[in-house]
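Each remark here refers to the structure printed beneath this line.
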């Protein structure tokens with residue numbers, strides 16, 4: 001056993017040095033050191049002070065315990081060590097962004113992409129709060145969600161559905177509201193994946209090797225700082241302003257440095273510029289060095305071990321050694337511990353925390369304390385605590401409000417008096433193996449209600465479209481017949497020909513890269529419908545002149561083969577609606593809910609219409625595959641506008657059972673202070689308590705070592721022997737980046753100075769109003785959208801900058817009011833390393849989508 005610990009040379013000079021070696025012709029990520037220390041500014045003050053008080057009482061091994069997962073053998077997918085002397089239990093971290101993974105008696109909420117389709121701030125908050133309640137009641141301290149990485153660079157990116165939208169403003173608003181909801185329920189939210197987790201191919205070396213790709217390093221996302229700030233970083237700035245407690249760094253490289261040891265990404269952008277006060281954790285097995293990651297700003301390694309269940313760690317005892325020998329300064333490990341505890345106190349977790357009442361690894365009531373080794377005490381591991389409350393009604397509401405009515409030729413809403421209703425397509429029915437019959441939902445059976453991977457939850461039940469529609473039809477004493485075999489086209493033809501309305505269900509899934517479904521290695525291999533979907537629709541439409549298509553998908557699909565068919569009278573996108581799938585759908589089909597979803601992405605005519613494909617072939621030998629963001633900020637609707645392409649359905653599009661008229665646009669300039677770059681210096685890095693000597697941290701004789709469990713203690717007072725590192729003793733100058741250990745006061749970045757960046761960025765410069773009138777016969781909900789032209793020759797034609805959701809009665813007028821901040825009107829200047837408002841003339845547009853903008857006005861110049 002001791003040999004295994006000695007082999008954990010995780011914080012070695014060699015590992016840090018090798019992380020700095022890059023080929024000369026590849027993009028590089030500039031270094032930024034030291035790692036900024038938290039200061040408890042703003043709403044973090046009380047939590048920070050409490051964290052400082054408790055960390056000041058900790059010994060080094062106790063601080064290290066807070067930074068290191070104990071491996072994959074405990075109840076949660078991630079658990080830190082504990083500090084029992086001070087009454088601090090291990091911190092439980094659990095997936096995922098749409099509900100609790102690996103448990104029971106929990107809810108399966110609609111996916112993030114569905115929340116984006118609601119364009120509803122309040123609903124995003126309520127959903128977040130409901131999820132937070134469930135996590136808290138299961139004894140979970142940290143929810144591993146929500147996600148805004150991936151943002152959605154590619155329409156076929158595997159995990160886009162976990163996030164919200166490829167538009168940074170829409171994503172940022174809903175990201176922030178979800179975080180607020182989770183944390184107001186007393187659980188730490190995790191903003192992930194930071195940053196550029198835009199595709200599944202090549203995100204992990206073992207995973208890629210398993211698919212036959214010969215690589216030794218993960219994908220490098222090569223991107224300039226303008227694109228980072230104006231697109232991918234934008235939602236994370238909103239998350240920081242929302243007070244998010246944790247941020248998860250991603251598997252990918254940014255400009256050829258691993259995200260979890262990328263000082264530009266973590267130290268500069270996140271902590272120095274955005275003023276993040278919480279802690280940075282690694283994605284699972286995304287830690288590739290110890291000293292390198294610690295000095296670059298990563299505060300917690302998860303799940304703690306290097307490879308699952310190997311008992312070795314880049315932190316743990318190696319972090320203890322590195323602090324004892326001065327490789328990692330005391331102030332840095334103190335800051336790591338303070339950040340963890342500050343997040344814990346900020347959400348009030350100390351008042352709510354209870355031990356986990358479930359096991360991630362078995363549904364049995366009884367089991368071993370340490371599941372992976374069948375070791376430790378044997379007893380109750382699952383208490384089967386029902387945490388669902390009344391969340392089913394909320395899930396149904398989100399599902400209904402997220403349905404986007406793409407096309408309607410008058411066939412909807414249904415009356416309930418249809419005599420013969422055909423339900424066609426496998427996507428209408430049940431998975432023959434059960435709703436949870438495939439691990440992490442990794443299959444293509446039955447109706448699609450979530451994607452696959454770690455971002456899933458177990459269904460407590462799943463109401464299928466077939467079940468819900470049949471109930472509706474029978475209420476009206478009609479006939480209903482279902483064919484749920486997509487390949488039985490002869491049966492489809494016959495059933496459709498005998499129906500007064502044919503409801504055709506099709507889908508397309510995607511998910512995390514560790515699962516491949518029908519050759520889709522996480523990412524989709526194309527944008528077509530699955531399982532003969534196009535032919536299914538055409539067969540039905542050829543035999544029924546009232547064919548309604550319902551699409552359950554992770555994002556855009558190609559509809560070019562059927563959207564103009566004269567017998568396809570309506571098309572609805574229902575996304576990934578969660579457990580109430582069928583019920584939320586019938587609410588819209590039968591008019592109980594007037595459809596009010598708006599598409600959070602663009603529907604192109606071909607895959608090529610979206611621009612470059614995601615990378616599926618290694619292009620750098622066996623080194624890190626390289627993907628260059630040559631498109632800059634031009635993704636989704638920005639790309640379509642730039643290339644003068646007309647999409648089938650544009651970003652923001654969504655029909656209603658009523659109509660709306662826009663008028664009376666007004667622009668009011670507000671009094672706001674002039675922009676001034678932040679200046680001054682931070683205080684010196686504080687230290688809390690003392691470190692002691694090596695003999696204080698030798699593995700205690702009183703502790704029985706558990707195989708695979710990660711401890712903070714060392715094996716010997718001889719630090720070189722304890723490290724097992726053949727390169728132990730290198731001089732700092734040989735491998736420690738310049739300034740990385742400097743705890744003296746540091747200059748404040750011009751773009752920094754507050755949560756989310758320079759506080760002046762968030763000053764309101766203009767108030768925009770418009771009148772929206774319901775000109776139809778029924779009450780409806782409209783989403784007015786504000787777009788801005790920033791005016792520059794190399795800028796997008798328009799960018800979304802505001803929206804609202806208004807319930808409007810027939811004949812009623814409502815006023816849409818929003819503001820434009822300095823950030824909304826700024827561009828990132830890479831020379832000044834700051835935001836600037838250019839001198840180009842700027843315009844505002846208001847309408848119902850990115851292509852339907854009837855109102856426009858020029859903005860007065862602003863400094």
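Cβ atoms are placed via backbone N, Cα and C, with glycine included.
Record features (Swiss-Prot):
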- 283: active site (ACT_SITE)
- 65: N-linked glycosylation site (CARBOHYD)
- 214: N-linked glycosylation site (CARBOHYD)
- 255: N-linked glycosylation site (CARBOHYD)
- 318: N-linked glycosylation site (CARBOHYD)
- 325: N-linked glycosylation site (CARBOHYD)
- 357: N-linked glycosylation site (CARBOHYD)
- 493: N-linked glycosylation site (CARBOHYD)
- 526: N-linked glycosylation site (CARBOHYD)
- 545: N-linked glycosylation site (CARBOHYD)
- 567: N-linked glycosylation site (CARBOHYD)
- 664: N-linked glycosylation site (CARBOHYD)
- 715: N-linked glycosylation site (CARBOHYD)
- 720-754: region 'Disordered' (REGION)
- 1-19: signal peptide (SIGNAL)
Cα distance (Å, whole number) from residue 318 (N-linked glycosylation site) to residue 325 (N-linked glycosylation site): 11
Helix, strand and coil residues within the region 'Disordered' (720-754) as assigned by DSSP: 7 helix, 1 strand, 27 coil
Candidates 65, 283, 357, 493, 545 (recorded positions) - the one closest to residue 318 (N-linked glycosylation site) by CA: 65
Neighbour-count leader, CB within 10 A, glycosylation sites: 255, 357, 493, 715: 255
Spatial separation of residue 545 (N-linked glycosylation site) from residue 493 (N-linked glycosylation site) - C-alpha basis, Å: 12
DSSP state at residue 664 (N-linked glycosylation site), helix/strand/coil: strand
Greatest C-beta neighbour count within 10 angstroms, which of the glycosylation sites 65, 214: 65
Nearest-integer angstrom distance between the alpha carbons (Cα) of residue 214 (N-linked glycosylation site) and residue 255 (N-linked glycosylation site): 20
Spatially closest candidate among 357, 526, 545, 715, the listed glycosylation sites, to residue 567 (N-linked glycosylation site) (Cα to Cα): 545
Rounded Cα separation (Å) that holds between residue 357 (N-linked glycosylation site) and residue 65 (N-linked glycosylation site): 22
Distance from residue 65 (N-linked glycosylation site) back to residue 715 (N-linked glycosylation site), taken between C-alpha atoms, in Å: 16
Distance from residue 65 (N-linked glycosylation site) back to the residue listed as 'active site', taken between C-alpha atoms, in Å: 18
